[in-house]
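Over in TrEMBL, the protein carries these features:
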type     : residues  : note
DOMAIN   : A:54-160  : domain 'FtsX extracellular'
DOMAIN   : A:185-300 : domain 'ABC3 transporter permease C-terminal'
TRANSMEM : A:20-39   : transmembrane segment
TRANSMEM : A:181-201 : transmembrane segment
TRANSMEM : A:222-255 : transmembrane segment
TRANSMEM : A:275-297 : transmembrane segment
Amino acid sequence: MRYVLSNLGQGLRRNLSMHLAVILTLFVSLTLVGAGALLNRQAEKTSDQLGSELEITAYLCRDDDPNQSCQGEVTKQEKQRILATIEDNPEVASYRVESKETAFEKVKELYGPEEADRFEGPNAILGAEDLPESVWITLEDPSEFEGITSAIVGLDGVAKLVDQRETAGKIINTMEAMQRAALGIALLLVVSALLLVANTIRLAAFARRKEIGIMRLVGASTLYIALPFLLEALVTAVISVVLAGGALAGFQYFGVQQRFSDYLEFIPWVGWDDYVVALGVVAVLGPVLTLLPTLALTRKYVKV
Amino acid sequence: MRVIRFEKVTKTYPGTGGPALDDVSVDVEKGEFVFLVGSSGSGKSTVLRLILREARPTSGRVYVAGKEINRLAGWKVPRLRRQIGTVFQDFRLLQSKTVAENVAFAMQVTGHSPKEVRALVPETLELVGLDTKADRLPDELSGGEQQRVAVARAFVNRPMILIADEPTGNLDPTTSVGIMKLLDRINRTGTTVVMATHDHGIVDQMRKRVIELDHGKVVRDQAQGAYGFQH
């Protein structure tokens with residue numbers, strides 16, 4: 001065992017520049033993969049909150065609705081008529097009704113857990129009854145919406161129509177574009193990381209070819225011969241994962257929490273729970289990316 | 001007890017003309033000392049490679065220590081090789097390690113405890129006559145001494161078989177005699193020795209079993225032979 005460990009240190013020092021190259025490449029690619037995972041989650045959260053670009057939202061009247069077209073809370077008959085109109089319209093793919101309670105939950109999520117107490121007790125600034133019911137309509141085709149909007153807009157009980165395509169569409173498109181870019185660059189870097197790992201092993205196997213030859217002859221097991229290579233791969237992977245985790249944590253803390261969430265308050269931002277998921281992806285991917293090629297290549301170079 | 005058995009073994013390397021070994025059947029008993037002679041390309045090296053399972057026969061069977069080794073699973077090959085010590089013409093020592101470390105290396109990488117290493121390495125160095133040079137580097141030794149280190153490394157795990165591929169090929173005649181005496185001593189401990197060589201003088205002197213190969217065929221197998229034919 002001591003032999004294996006002293007060999008590990010020696011191997012890492014001997015090939016220091018190659019190992020650094022692997023670590024840096026892996027670090028950047030893992031960070032991008034993690035960022036891609038966070039952006040993916042962010043896009044999901046945003047579209048949950050705002051609706052996707054295929055959606056139109058009809059807010060129904062509530063009690064004391066300031067909107068001109070409302071005369072108090074929407075009645076049962078009015079609501080049935082509205083839903084029937086939506087149901088029959090050929091431009092509609094599907095629809096769902098969002099209750100006052102769901103709307104209330106969304107508002108609470110926007111403010112975050114720190115301010116949850118503002119929505120509780122007798123002094124709550126807002127209750128579920130202050131929010132309108134809404135119908136979220138998904139269109140068959142985002143460019144065909146005039147039929148449905150004109151059909152609903154005049155109905156009794158409808159306060160207003162919001163076309164989500166304008167607000168949500170832009171934000172979600174931007175996020176998806178960023179996610180695609182991050183994952184695209186990550187993919188390129190992953191490929192170069194794999195090539196670097198392969199090269200490192202080739203060099204290390206060449207530097208140790210005499211030793212390996214003797215080990216094979218005297219009957220050292222394949223695992224024993226491959227172990228220094230695998231440990232080296234594991235060490236580089238762990239360092240890269242730690243660096244990437246740190247970079248993502250920095251982005252999450254300084255970027256998302258300290259900046260974005262102040263500028264853009266109407267979107268719920270990714271939290272530390274999402275960071276943990278992204279970190280998990282990175283922590284699995286890192287070792288896999290170094291250990292798999294190492295296993296495959298040591299089998300090739302260190303054939304029994 | 002048969003330690004090595006070749007049963008109608010043929011070995012053809014892809015892309016070459018004739019077979020390297022052609023229908024060879026040979027038995028080697030435990031404790032025997034066997035010379036493998038023949039010109040370059042006669043198949044000596046192929047025989048050694050097959051015993052070590054560096055190569056597999058194209059047809060026929062090779063048994064070593066009672067096991068049919070061409071049917072041995074890959075992961076069991078290291079276990080087989082621990083029963084075989086190997087010595088080469090070019091010594092193959094690790095230049096950055098001392099004499100003792102080179103010998104210890106063979107034990108360490110096959111999982112022996114430090115205690116076993118401490119016990120067996122000095123004993124083996126004494127056997128090969130290098131106990132006073134344990135801390136020297138290979139560079140500081142003569143060719144004959146380096147080959148003694150290689151023999152010590154091959155023997156330190158107390159193998160059943162010792163394979164020597166032209167062990168005296170790089171040494172002058174006087175030094176060669178020393179190495180042969182050493183191999184003979186190892187043979188007397190019960191270790192089977194198979195030695196491939198070109199060296200007429202040595203073969204004639206030792207009067208051991210001689211197997212001569214020519215173009216992959218056994219043309220002579222003589223109990224107390226000399227290098228050339230003797231009638």
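Counting starts with 1 at the first residue shown.
Quick reminder: no glycine exception, Cβ is built from N, Cα and C everywhere.
For the transmembrane segment (A:181-201), the partner stretch with the most Cβ pairs below 8 Å, chosen from A:20-39, A:222-255, A:275-297, is A:20-39.
Residues in the domain 'ABC3 transporter permease C-terminal' (A:185-300) partition by DSSP class (helix H, G, I; strand E, B; coil) as 104 helix, 0 strand, 12 coil. Away from its own ends, the transmembrane segment (A:20-39) comes close to residues 175-176, 178-179, 182-183, 185-186, 189-190, 192-193, 196-197, 200, 236-237, 239-241, 243-245, 247-248, 251-252, 270, 274-275, 277-279, 281-282, 285-286, 289-290 of its chain (Cβ-Cβ under 8 Å, at least six residues beyond either end).
Residue counts of the domain 'FtsX extracellular' (A:54-160) by helix, strand and coil are 43 helix, 22 strand, 42 coil (DSSP-based).
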